[in-house]
Amino acid sequence: MSMLKDPSQKYRPFPAINLPDRTWPSKTITEVPIWCSSDLRDGNQSLIEPMDAAKKMRFFKTLVQVGLKQIEVAFPSASDTDFNFVRELIEGNHIPDDVTIQVLTQAREDLITRTFESLRGAKKAIVHVYNATAPSFRRIVFNQDKQGVVDIATNAAKLIRKLAAEQPDTQWSFQYSPEIFSSTELEFSVEVCNAVIDVWQPTPEHKIILNLPATVECATPNVYADQIEWFGRHVNRRDSVIISLHTHNDRGTGVAATELGLMAGADRVEGCLFGNGERTGNVDLVTLALNMYTQGLHPQLDFSDIDAVRKVVEECNQLPVHPRHPYVGDLVHTAFSGSHQDAIRKGFAQQKEDAIWEVPYLPIDPADIGRDYEAVIRVNSQSGKGGITFLLEQEYGISLPRRMQIEFSQVVQGETDRLGLEMTAQQIYSLLENEYLKATSPYALASHRLQEENGTSAVDLEVTFDGEKQHWRGIGKGPLEALVAALPVKAEIMDYHEHAIGAGANARAAAYIEIRLEGQRPLHGIGIDENITTASFRALFSALNRAVTQAEAKAA
């Protein structure tokens, strides 16, 4: 079977929401929502191999460390594993005083009763009950009319209120979800929720949570935002209700739908770290939080060591995080393109500490989430001098002069073309070392002695030429001019740069020289030494040897 030529014969577009006076498009997110992780429930139930108790405990502690204050930990009536995990959290005193656990139950008497048994002794808990409300579920799955759906919800709400009253030592919160909210008629969603409100009688001091799931994402994010704004206008006791969002990513816009839903007036978000969950996953709490962070709003969640969080999530879920996943993927802060690398390098060069972040192609400073800069620029056959220069600067403190950047990039390009692979900073440095720092043939500097008097420099050098020792002597207005005068070939210094590598007692000097031998194109050399004069001499010998070697190769 192939794709239909006319998909309208099989699929219908989602109907638009009649909300001509919608206000959310002109709003921005200025307040942090209440965050609730569903990793241990919605995320866990979507895994090929659900987490065992040890993994769930490890995950729970990670969520606490990140700063989650509401954590949906289990579906305790669904399995003994989930039930026992809730008991271990409570009896083992693993729940901090500022954290509230949440558990899910279907709207059935036996399951609700079992759920309350799991929570006995908890200091605080959210009981989350749900039933499906969408027309297709009413008709196909449950064979219920609208009143039947309302009765299921209100009967469950009454039982929850009764059982909570029997355990007064626990600080209870109630949550109701009209499952498949995003595909339910808005008027009916409000009708069901208002019926639950009438049972639970919330107040501004003791609010209930109405969770509005896009259980299956079936429209563009603006439609979900319209639904949230419409619902907020029409639900009873809005000041006593926390509107919660629970989006999925079936169309790839779960994050966008949630952000627009917050602009439309929602107060709370349920989701999973890195977007785990049924089918295409729940909304990614990390992306949401760091999107806020990069807009100057701290999400009150701490991802300062995002790779440590990822490690726990990957090992517990037994699912890898995609290398292109926002903020956390291995490649999200990486540039291979030469033009991108050049822009990033220039951005880092001008970026001042504590200033507004303006580095091109990087929406967040990787250091803020515990990343180093090594992976920001990586070199392959598409890379240019900017990326190569950046890696040498960041990893080895070597700042190549501009013309030398061009020269060395051709060396690297030749190697990447030959290998067809990415090159690491270490491999690039090895190339630099072999091309420049180990260029000690045919002339090898053994030792030198410098005398300076009345503005004149005299240098005596011991040099090995093709294995034979030679003595050179030169005089000039400075050490380099004296060295050039001592050379057995005619050479001209075209450019010279130097800088320190490191600081303090362990600092070394790096010198870069561009020379031109008579009848040849200019070439560069590098020298590194604790002494700046020695470094400059080594740089000149490096350039000299490269020039002589290339001339001989050309002649051959």
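Any Cβ shown, glycine's included, is placed from N, Cα and C.
According to Swiss-Prot, the protein has these features:
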DOMAIN    33-307  domain 'Pyruvate carboxyltransferase'
BINDING   Asp42, His246, His248, Asn282  Mg(2+) binding site
REGION    439-556  region 'Regulatory domain'
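Shown on the structure are the features that Swiss-Prot records.
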residue: Asp42; record: Mg(2+) binding site; DSSP class: helix
residue: His246; record: Mg(2+) binding site; DSSP class: strand
residue: Asn282; record: Mg(2+) binding site; DSSP class: strand
Beyond the site residues Asp42, His246, His248, Asn282: chain residues whose C-beta lies within 8 Å of the centroid, for Mg(2+): Ser38, Pro213, Thr215, Thr247, Gly254, Glu270, Gly271, Cys272, Gly277, Glu278, Gly281, Val283
Site of maximum Cβ density within 10 Å, from binding-site residues His246, His248: His246
C-beta crowding around Asn282 (Mg(2+) binding site), within 10 angstroms: 30
Model confidence over the domain 'Pyruvate carboxyltransferase' (33-307) (mean pLDDT, whole number): 98
Tally of residues which DSSP labels helix, strand or coil - the region 'Regulatory domain' (439-556): 35 helix, 58 strand, 25 coil
